[in-house]
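Reading through the structure tokens given below for one structure.
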Amino acid sequence: MLPQKQAEEAIVTNINETEHEAGSTKEEEREQDQSMFSLKSIFWHGGSVWDAWFSCASNQVAQVLLTLPCSFAQLGMLSGILFQVFYGIMGSWTAYLISVLYIEYRTRKEKENVSFKNHVIQWFEVLEGLLGPYWKAVGLAFNCTFLLFGSVIQLIACASNIYYINDKLDKRTWTYIFGACCATTVFIPSFHNYRIWSFLGLGMTTYTAWYLAIAAILNGQVENVTHSGPTKLVLYFTGATNILYTFGGHAVTVEIMHAMWKPQKFKYIYLLATLYVFTLTIPSAVAVYWAFGDMLLNHSNAFSLLPKSRFRDAAVILMLIHQFITFGFACTPLYFVWEKVIGMHDTKSICLRALARLPVVIPIWFLAIIFPFFGPINSAVGSLLVSFTVYIIPALAHMLTYRKPSARQNAAEKPPFFMPSWTAMYVLNAFIVVWVLVVGFGLGGWASMTNFIRQIDTFGLFAKCYQCPTPAAHVAAAPPPHAHH
């Protein structure tokens, strides 16, 4: 345990230099303790364990909450629940591996007296420091592409959701509008400054999840409802990869850890966040699937089947605000990468950094207009990008980092209490690599891309209003309530 204790002490010793992006001094830290309840501290400056928990839980489930009932229709009730629990636990494990590798990297660098003042450590830098430049290139490519499309998905979801309140404008026009709104995230410097947003965001998804569950139960089962899933392998693995995507939100783990005052306390935060997220995702998906059954196969957004009411409008508005927050979560690491490329990362001026960040938003805006396929795009991103970014690469990186006896002996973090040995960790990591490679990337990639291409053939690129009801169907969009069972 001695190396682990030394690692934690090393990080705590250097925390005054690295905990704040702007480089807090010891005097500023004392002032912060004295003014803990000041407005700036409460709303803007976060780095506690609770801040990290809120960030993880808020970022993990956003618009995907609205697509999970569709996944249940593709998978069937039992498979839907089992895949959620399975991928939730697997995602928590790989988030733990990422946190261990971050601590290892930071400990080694601080022993070399490397200062991270005005520098945010990112996942690709951890890979480079531990495994070399080729791993940096792989990590950078997958992470940036995933976060890029993660931002695209939030933008698509904004347009899809607002349409259920105001359908006078088509979804493409709403994408233009929300692209401009989401561009304001360039003014949020780092994950330190998401304290109030993370707290509010989790409250918003909690309301939406329980609105979906309660509204579906009160609405009752629609007439002649059927629950035939699973029926086709393509749909089955498309649904499974959407759930893989749901619990693959830990691509920003390193940035969230770096924003903490004591990063070594992160280890089990993601698991605790996932356990809370289960209370949102499982009841809502089960209830909506129970009420609408196979109708969900043609309605990727659960809002589209629930009757219009002030409660639904409130849920839509709250999800719009939350998607703005999640857009910022996905985009902030991209902003950091871009700043480092153009040499602006050390700049203290918020306005200058915001101006430098704007070019990152433009391709996101453009891609959201090209591929407005709310739902199918989640599965495609899940199989092709999430599978490698947050499952395969962290598991392989952990295996290679500690492949030598000396590395295991001097490891900053030993195997957790529930893992009997390094061998057991290797077996578990190898299982994750094989499972995700075969089921997530292989079968999931085939299914999700088949479905994605089908959407392009049906609706075309630059679709003006994806899955919008025809005028004749508009009247029947909200089925009348049936008080069954």
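In case you wondered, yes, glycine gets a Cβ from its N, Cα and C as well.
All annotation found in TrEMBL is predicted automatically rather than curated by experts.
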Annotated range (TrEMBL: transmembrane segment) out of 117-135, 174-192, 459-477: 174-192
Long-range neighbours of the transmembrane segment (423-447), counting only residues six or more past its ends (CB under 8 A): 90, 93-94, 97, 233-238, 240-241, 244, 379, 382-384, 386-388, 391-392, 395-396, 398-399, 415
Beyond the flanks of the transmembrane segment (350-374) by 6 or more, those residues with Cβ under 8 Å of it: 63, 67, 148-149, 151-152, 155-157, 159-160, 171-172, 175-176, 179, 182-183, 186-187, 189, 300-301, 331, 334-335, 338-339, 342, 344, 452, 455-456, 459, 461-463, 466-467
Per Cβ pairs under 8 Å, the stretch of 81-103, 199-218, 233-256 packing most closely against the transmembrane segment (174-192): 233-256
Whether the transmembrane segment (81-103) meets the transmembrane segment (199-218): three or more C-beta pairs under 8 angstroms: no
Cβ pairs under 8 Å between the transmembrane segment (380-402) and the transmembrane segment (140-162), at least three: yes
Non-local residues, at least 6 beyond the ends, that sit with Cβ under 8 Å of the transmembrane segment (140-162): 62-63, 66, 122-124, 171-172, 174-175, 178-179, 181-182, 251-252, 301, 303, 316, 319-320, 323-324, 326-327, 330-331, 333-334, 337, 363-365, 367-368, 371-374, 377-378, 381, 385-386, 388-390, 393, 466
Positions on the same chain near the transmembrane segment (268-292), where near means CB under 8 A and six or more residues out: 49, 52-53, 56-57, 60-61, 65, 68-69, 71-73, 77, 80-81, 84-85, 88-89, 91-92, 95-96, 99, 205-206, 208-210, 212-214, 216-217, 219-222, 225, 227, 246-247, 250, 253, 299, 302, 305-306
